[in-house]
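Among the features that TrEMBL reports, region 'Disordered' is placed at 150-173, 289-328. Sequence annotations record features per position, and here TrEMBL assigns compositional bias 'Low complexity' to 161-173, 305-320. Annotated domain 'Non-structural maintenance of chromosomes element 1 RING C4HC3-type' per TrEMBL: 235-277, in sequence order. Annotation comment: TrEMBL describes 293-303 as compositional bias 'Polar residues'.
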Amino acid sequence: MADGYDDSNRAFLQAFMGRSSMTFEEAQPVLAAIFTAQKEENVDPNDVTQEHLSSYIDAANTAISPFDLEIRSLLHQTPKQADQENNDSPPTRVYALVNTTCDPLTQLATTYSADEIAFVKRLLDFMFDTNNTRICEGMVITPMQSLNLRSSAEANRRRSTNATQQTQGGATQSLTITQAENMMKHLVEEGWLEKSRKDFFSLTPRALMELRGWLISEYNDEMESGRRMNRIKFCSACKDLITVGQRCEDRDCLGRLHDHCMRSFFRMQRAEQCPVCKKDWPGDKFVGERAVTSASRRQTNARQAPAPAAPNGDASSSEDASGEEEEG
Ligand SMILES: [Zn+2]
Ligand SMILES: [Zn+2]
């Protein structure tokens with residue numbers, strides 16, 4: 001081990017492994033406690049700097065890389081709950097311990113049964129396929145929708161016609177409602193999913209870091225053959241994947257921007273134009289939960305007017321609205 005890797009580094013790594021992810025604010029008291037023990041004098045959490053954290057993360061990464069683990073970080077795509085009204089609050093950086101080689105579904109196999117993992121796969125299929133269409137890039141799931149996925153037969157009935165062909169492990173058993181509810185609870189507790197104030201589940205930054213490569217290989221078609229689209233999109237500013245943000249008005253354009261990337265991007269560009277096609281940026285075309293909530297608002301408003309042609313008659317329940325419009 002490199003010089004200078006001591007008990008304080010070991011304690012930090014231990015603390016990190018005990019939780020799924022950490023922000024700088026969460027790391028401050030952890031490092032303060034470690035410094036206090038080491039120096040035998042009281043260290044205030046506010047005296048712990050970003051530089052302290054960075055140096056402990058660097059040391060930890062050197063120590064854990066032989067085990068295919070790495071602490072990575074990602075800016076949270078949505079502001080903290082308390083700051084959600086204030087669009088100018090800076091995004092929070094989230095650090096997470098990520099397995100760099102292991103397939104995420106294989107990782108889950110150490111904790112969950114095959115039936116539970118198949119349920120997780122159906123959740124991801126729903127979020128990134130069924131509820132991620134040309135019309136509405138929701139990439140979220142409601143508690144009710146998640147319970148509907150507890151059996152694979154039910155899930156298949158609800159899948160969009162151009163869905164990926166194969167659900168993992170066709171022979172798996174259904175979960176009971178209670179089992180499915182418990183799974184959702186565990187996935188939140190373990191830092192894979194988070195629930196918004198409006199009751200939508202989405203992937204956490206930790207999950208996005210852990211699942212990044214897998215999501216791209218699972219839901220994007222490198223050949224772009226046939227009618228299948230690349231479900232996982234990227235922010236034109238930071239180039240990382242985007243599940244919350246804004247999109248270009250042109251449905252065939254790949255222009256997407258995170259909320260926190262948009263401001264500085266437009267300031268630099270000196271014009272609010274799509275980074276890809278240069279059309280005016282609409283500002284009200286969303287990626288993520290707001291794509292679903294604004295779509296259902298539009299649908300409510302359109303009830304009186306002649307409805308746009310829907311592919312099938314049962315698309316009117318708001319529960320299913322997001323996924324059913326693709327062919328329209
Ligand atoms: Zn971005
Ligand atoms: Zn565009």
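Including glycine, each Cβ sits where the backbone N, Cα and C put it.
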Seminar exercise, completed: Spatial neighbours of the domain 'Non-structural maintenance of chromosomes element 1 RING C4HC3-type' (235-277) not adjacent in sequence (6+ beyond its ends, CB under 8 Å) are 74-75, 77-78, 87-88, 90-91, 134-135, 137, 139, 202-203, 208, 212, 215-216, 283, 285-290
Exercise. When the domain 'Non-structural maintenance of chromosomes element 1 RING C4HC3-type' (235-277) is classified with DSSP, how many of its residues are helical, how many are strand and how many are coil?
Worked result: 11 helix, 8 strand, 24 coil
For this session: Determine the mean pLDDT over the domain 'Non-structural maintenance of chromosomes element 1 RING C4HC3-type' (235-277), rounding to the nearest whole number.
Result: 94
Exercise. Quick one: DSSP breakdown of the compositional bias 'Polar residues' (293-303) into helix, strand and coil?
Worked result: 10 helix, 0 strand, 1 coil
